[in-house]
Amino acid sequence: MMAVPSRCSLGVAPLVAMVGGGQLARMTHQAAIALGQTLRVLATAADEPAAQVTPDVVIGSHTDLEDLRRVALGADALTFDHEHVPTELLDKLVAEGINVAPSPQALVHAQDKLVMRRRLAALGAAMPRFMALDSVDDLAEIDAFAQRLTGSKDAPMVVKAVRGGYDGRGVQMVRDSAHAREVASGYLVDGMPVLVEERVELRRELSALVARSPFGQGAAWPVVETVQRDGICVLVVAPALALADDLASAAQQLALRLAAELGVVGVFAVELFETADGALLVNELAMRPHNSGHWTMDGARTSQFEQHLRAVLDYPLGETDAVAPVTVMVNVLGAPQPPTLSVVTMDERLHHLFARMPDARVHLYDKVERPGRKVGHINFRGTDKDRKNPTKLRERAELAAHWLSHGQWTDGWDPHRAGDDVVEISLACGGRNDAQRQR
């Protein structure tokens, strides 16, 4: 199959094809509009977040070669909302002349944790100690691994499926060797190889987000702190506070070096552990816009979504400086129970949020709310005072996210109660009275 000439080569505005119709594709579409570009998405259904807003949609599967060909037809670049596309299919597209960015040779390092670990080891990147298991016959090796870690079979460890895990799926914390064998065997009997890793003593988790173009230009955003609960990122503080300049620079340089060594094109996230003794260890890699970069939509000169488009089209990359002393991003997750009837719709909750916190920058994905599902995020920009002590800014962000998820203010605030309309002051708006914005 011969590649169809790209739109750029015909003097037409660029077309980027993206595999996946989720929120990352939706927000990339928003960035494409501003740049005068077109984003075509491969979605599994018409009600996926990107498919609802993008006029150019292909309904199909990321595991079907013909569907991949359809979405890539005439595109200047084919890129990804997720990393689950089989690389053997991408190899065929590359052979047909399609510009796949990042390439399958790079993408496999974000798909396969064992491939990633072995390559990073060869590149000298620091990471948790690990061992690989391919068969239930190898389970006895876990005891010896635990002994090497701590001198005891009681060492706590982490068991990971080699492929397919995200947002905490496919990752389990285990108490000791016996627990590790039990968890690992569950994956192995299903034919999924596993990694067993040491559980390091953490100070916190960080993310170094960079972008790289085919020309080799790189750009790095400030290193951020990510807060995880139940394996899901719930909050990001940008930049990471109380992070020494030399450590922040080391994280950025590591991410840029890995992007170059792996041949990444596009946005590239390196998830890091900052250990209790001040070391940086690589945890995971992502080769696409990343949850830890959502703050850039309101807190940086160039958002990760615009930058991703620039990178895959080999445009000069944008500036990555922060535009506020600190930005807090908080994810809106579906609540365990539906909100009360008085605020049953997201639009009603959004109205009340803006009445109380007009400085909230809300990004909703138009997804059906389910427990724990990411349905949006909110960015709050802070001041120099907030950067010195971000507690109040973080509390406001979590308060706002809980309200959008649950329809309840955890501090007891009630917009319908007499008197409340005139007493609530937005903490981040110079003391202006929010009653001016109440209906």
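Glycine is no exception: its Cβ is also placed from the backbone N, Cα and C atoms.
What Swiss-Prot records for K113, K160, E197, E198, R199, V200, E205, N283, E284 is ATP binding site. Residues or ranges marked as domain 'ATP-grasp' in Swiss-Prot: 117-313.
Known features from Swiss-Prot, placed on the structure.
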residue	record	DSSP (3 states)
K113	ATP binding site	helix
E197	ATP binding site	strand
E205	ATP binding site	strand
E284	ATP binding site	strand
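Spanning the listed ATP site, residues K113, K160, E197, E198, R199, V200, E205, N283, E284 have a farthest Cα to Cα distance of 18 Å. Fewest other C-beta atoms within 10 angstroms, among the binding-site residues K113, R199, are seen around R199. The most densely surrounded of the binding-site residues E197, E205, E284, judged by C-beta neighbours within 10 angstroms, is E197. Looking just at the domain 'ATP-grasp' (117-313), the mean pLDDT is 95.
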